[in-house]
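S.K.: I grabbed these lines from TrEMBL:
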DOMAIN    169-280  domain '3-oxo-5-alpha-steroid 4-dehydrogenase C-terminal'
TRANSMEM  15-35  transmembrane segment
TRANSMEM  79-99  transmembrane segment
TRANSMEM  137-156  transmembrane segment
TRANSMEM  168-185  transmembrane segment
Amino acid sequence: MWPSTWLPFLYPPPASVYVAAMSAVSLVSMANAGLAELRGNHMAYSKFWHVVAAGAGGDKQRRQGGGGGALLKSRDGMLVAYAPALVAAAASFAVPGAVEGARAQILSAALAVHFLKRVLEVLFVHRYSGSMPLDTAVTIATSYLLSSVTMIYAQHLSRGLPDPPVDLLYPGVVVFAVGIAGNFYHHYLLSTLRADGGGGDKGYKIPRGGLFDLVSCPHYLFEITGFFGFAMIAQTVYALAVATGTAAYLAGRSCATRRWYESKFEEFPARIKALVPFVL
């Protein structure tokens with residue numbers, strides 16, 4: 001039995017070494033990735049990586065994935081990254097005993113909706129102009145797949161444990177919905193930057209509209225909101241670790257993005273923050 005002072009909004013940690021280890025690994029690795037973004041060590045799928053790759057070896061460097069590996073078109077790479085987690089979340093409903101009870105069903109459904117949205121955005125919303133190393137796409141796909149499967153598994157292990165005194169399930173659904181809607185809206189605004197410039201325009205512009213007038217990365221702010229929606233729905237230590245790690249990583253990317261905008265555009269407004277309006 002866990003002591004009565006255990007956090008009232010979380011299930012007690014399950015007796016699983018795997019889930020405990022994944023909770024620590026997810027939090028630490030994603031926080032470290034956020035620090036790496038701040039230091040200029042970017043994942044090889046962002047605008048920053050393409051700038052670095054160009055300076056380090058031009059077209060040949062980009063064709064070889066920056067390190068001799070195969071390259072995918074960015075759209076194909078992102079489909080590889082998102083599709084396995086979507087399949088896993090949807091397939092969890094077909095696994096006997098894997099998804100039992102309203103909380104587990106809502107969590108698996110939310111994960112499926114999240115990754116379905118990402119796949120549909122890749123196909124119909126985002127406008128790509130670069131490439132992605134195959135090993136990066138596989139790494140991202142593995143990360144999303146493991147985190148989704150582990151979140152569902154951790155929820156399964158909570159079955160039969162005492163419910164948290166503070167029930168955040170339905171507030172979590174609202175938070176998740178706000179996150180996914182705000183993320184989509186700002187992704188749409190980003191896509192119009194290329195559309196306004198014509199089919200051959202691959203240049204970057206300062207985003208406008210929505211919360212872009214206050215922060216450089218409102219899409220990341222809403223993505224973090226969505227992940228804390230997952231954590232509220234699940235109320236497991238693992239889901240909270242993933243949400244916190246995601247927040248740390250995207251905070252690092254947001255700061256790096258703002259710094260990039262400042263270096264590229266002399267007219268970039270100093271009042272615009274990186275992630276949280278008026279704060280960060």
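Heads up, the Cβ atoms here are built off N, Cα and C, so glycines get one too.
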S.K.: What else in the chain is close to the transmembrane segment (15-35), if you only count residues 6 or more beyond its ends and a Cβ gap under 8 Å?
M.R.: 43, 146-147, 150, 153-154, 157, 237-238, 241-242, 244-246, 248-253
S.K.: Go through the chain and flag residues at least 6 beyond the ends of the transmembrane segment (137-156) whose CB is under 8 A from any CB in it; none is fine as an answer.
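M.R.: Residues 14, 16, 18-19, 22, 26, 43, 45, 72, 76-78, 80-85, 88-89, 92, 97-100, 103-104, 107-108, 111, 115, 230, 234, 236-239, 242.
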S.K.: Let me know the model's mean pLDDT on the domain '3-oxo-5-alpha-steroid 4-dehydrogenase C-terminal' (169-280).
M.R.: 92
S.K.: For the domain '3-oxo-5-alpha-steroid 4-dehydrogenase C-terminal' (169-280), what are the DSSP-based totals of helix, strand and coil residues?
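M.R.: The counts are 77 helix, 2 strand, 33 coil.
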